[in-house]
Amino acid sequence: MALRVAAFDLDGVLALPSIAGAFRRSEEALALPRDFLLGAYQTEFPEGPTEQLMKGKITFSQWVPLMDESYRKSSKACGANLPENFSISQIFSQAMAARSINRPMLQAAIALKKKGFTTCIVTNNWLDDGDKRDSLAQMMCELSQHFDFLIESCQVGMIKPEPQIYNFLLDTLKAKPNEVVFLDDFGSNLKPARDMGMVTILVHNTASALRELEKVTGTQFPEAPLPVPCNPNDVSHGYVTVKPGIRLHFVEMGSGPALCLCHGFPESWFSWRYQIPALAQAGFRVLAIDMKGYGDSSSPPEIEEYAMELLCKEMVTFLDKLGIPQAVFIGHDWAGVMVWNMALFYPERVRAVASLNTPFMPPDPDVSPMKVIRSIPVFNYQLYFQEPGVAEAELEKNMSRTFKSFFRASDETGFIAVHKATEIGGILVNTPEDPNLSKITTEEEIEFYIQQFKKTGFRGPLNWYRNTERNWKWSCKGLGRKILVPALMVTAEKDIVLRPEMSKNMEKWIPFLKRGHIEDCGHWTQIEKPTEVNQILIKWLQTEVQNPSVTSKI
């Protein structure tokens, strides 16, 4: 019978370095006999403090004094010199602080789940009421969203290597032993599983364990996997009414300083799918917004509803209704324009601002922006978008064709006619009726965009382009101002519309600007180079938001 269930231990498999390793290092550091700490910890079974802890009969704070006393008795019995101030809680605190998720192992579990495997964590764990309990909480919070089941000994009252917990695993997952592969870093925990008929893998080295897991499951794990994206069905959705009849939809994850992710055209909150979990795990309350006109947000037909002044006012109301005094704003494409304007017109509400691809360009009060657009060939598509109903008809006719034509990697054949849309009568005129799928998307992701745009059509999204003169007049009110909030500009080497050189004079208006640059990347930055985007954003956020300089920028 083929394998269809993958069960993973936590400590030493999904989390490294292991607590057992911490015991070993502490034995060496304290000049204690080998196995003095680890041996007593393990041989307290049965019915000792550790078994009671792992079965949830006592909590961590109750366990510590019992183990401290046990170690003191053991030290006298064997003549070991235990420090006077010794406490097992210190060793655990250090071990938990040092422990982090074993990313290659997690990615393997995710790959197996994508392939159709049921995945499960089976761990001897404890009820942590200690003062360092947040580290365990954070780890379990992140891991649990990627597995179908979580079996913790302290919650079910059974521990490895007792056979009962393996039977509980099979009953819970409705699986037969020969359908299960089980990974653990202790051979004693694997033996009962193997005796029952499960395939077992002893994890002493992640790389070799993964090679064995590939072999037994017939799955090739990617060498450089993408960040873990969020699933629309597994995230929290919210709505804020910003004025009568108009609401904004958002997806929320994490806790900490508020961070608003704002997408461009023709996209969705879903375009931030690779960033949402990573930023939440980095310590932020992430709110990925469906911009006005998109998805589950309201999509009024009137052009003036999409004027930049109104969009920014509604974003302030969005914060007000959620009780958020300040937020970090990160925008891409059209939303890049919006977040720069938020920093310019509502600096007191902007904790920091970042833009992907879209530079800050102050208006020229003497030159009409439409004249500028007409003078730049690559902006020709924006002229095509001006007449209501025309582009809508083209883009809505076959939305699979539309999104597969738009979402292309920088090294793939480009289809949309940004340079000559008005001349040839459309942006998709030379596009295949059934374009091949880009390597930066999946069929399921394209289908999600299609379903979102079936709700609203393209009228609202295109209206963002139809307020050029109105936006220009409003933005001229900010002439002479500088952006002094923490700011980041991320350029993409191969974006043919928002070219990196367009940002070269930004320091004149944003004197404390930080920069990031991504090579071999086109316009769809968040999905083409998600790892690089996440690294740049998190590094900047940690410096400018979580640990900001106290130096005044005024």
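Cβ coordinates are placed from backbone N, Cα and C, and glycine is handled just like the others.
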Report summary line: Filtering Lys215, Lys439, Lys455 by Swiss-Prot annotation N6-acetyllysine leaves Lys215
Report summary line: Feature N6-succinyllysine (Swiss-Prot), candidate list Lys115, Lys404, Lys508, assigned to Lys508
Query raised in the report: Swiss-Prot annotates one residue of Lys160, Lys191 as N6-acetyllysine; which residue is it?
Result: Lys191
Query - In Swiss-Prot, the member of Lys176, Lys243 to which N6-acetyllysine is assigned - result: Lys176
Query raised in the report: According to Swiss-Prot, Asp9, Asp11 bind Mg(2+); which of Asp148, Asp171, Asp185 is also listed for that site?
Result: Asp185
Query - Record feature N6-succinyllysine (Swiss-Prot), assigned residue among Lys76, Lys292, Lys454, Lys477 - result: Lys454
**Report entry** Listed as N6-succinyllysine by Swiss-Prot, one of Lys55, Lys132, Lys174
**Finding:** Lys55
**Report entry** Cα distance (Å, whole number) from Asp333 (active site, nucleophile) to His523 (active site, proton acceptor)
**Finding:** 8
Report summary line: Those same-chain residues, other than Asp9, Asp11, Asp185, found with Cβ within 8 Å of the centroid of the Mg(2+)-site Cβ atoms are Leu10, Gly12, Val13, Leu14, Ala15, Ser18, Thr123, Asp184, Phe186, Asn189, Val203
Query raised in the report: Which of the recorded positions Asp9, Asp11, Lys55 has its Cα closest in space to the Cα of Lys504 (N6-succinyllysine)?
Result: Asp11
Query raised in the report: At the level of the C-alpha atoms, what whole-angstrom distance separates Ser368 (phosphoserine) and Asn124 (phosphate binding site)?
Result: 68
Query raised in the report: In which DSSP state, out of helix, strand and coil, do we find Lys371 (N6-succinyllysine)?
Result: helix
